[in-house]
Amino acid sequence: MSKVLFVKGNPRSVDESVSVKMYQTFVDTYKEANPNDEVIELDIYNEQLPYLDSTMLAGIFKAGQQLELTAEEEEARKVADRYLTQFVEADKVVFAFPLWNFTIPAALHTYMDYLARAGVTFNYTAEGPVGLMGDKKVALLNARGGYYSEGPAAQLEMSLNYMKTMVGFFGVQDPVTVVIEGHNAVPDQAEEIINKGLEEVKKVAQSF
């Protein structure tokens, strides 16, 4: 039995958001195919995550150095540690997120800040940083209304590229990716584009 963490990085409803459609399709298909797995769903926007600020940074640093923390630093550190531990303990992690203003939503970025922890998800070495999460299976589900896979707009795509960079930094070198794009660029083909993409999501979920 695997422990699977599903991370939803969009506050909109399934009727309003393509990335949430991808998320829900993956969750439902995965549960049906793997009824005995432990599934944890994390809606980032429901968590009201505090930014990685000076208090949290001090708490994380001091804890790592076994120094005394203030009450505020300890509380902030515990918040980050809770999500970090949840991520580390999962055998598989699925992220669903949109491209917003060329990058990922701010709440998801804050969550990823929590996960980037030296000594836990990566280590510094003389040869450079080394990821420690190489055994973890990761899927990245990304929706973007325009076309960013190729052409001049490709260099502007910093959502999927960012997430690939982050999980790669953690040691996950081959995340499974599914992208639905172009549905806003060609509205008359939107339904076809979305449905085709959701079929791909189902296929990936069945074998994930």
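Every residue, even glycine, has its Cβ placed from backbone N, Cα and C.
As annotated by Swiss-Prot, FMN binding site applies to S17, V18, S19, with the evidence given as sequence analysis.
Of all the Cβ atoms in the protein chains shown, 18 others lie within 10 Å of the Cβ of S17 (FMN binding site). The record gives S17, V18, S19 for FMN. Within 8 Å of the mean position of their Cβ atoms, the other Cβ atoms in that chain belong to N10, R12, E16, V20, K21, M22, Y23, A96, P98, A143, I180. For S19 (FMN binding site), the same-chain residues 6+ apart in sequence whose C-beta sits under 8 angstroms from its C-beta are G9, N10, A96, F97, P98, L141, N142, A143, I180. Taken residue by residue with DSSP, S17 (FMN binding site) is part of neither helix nor strand, so it is coil.
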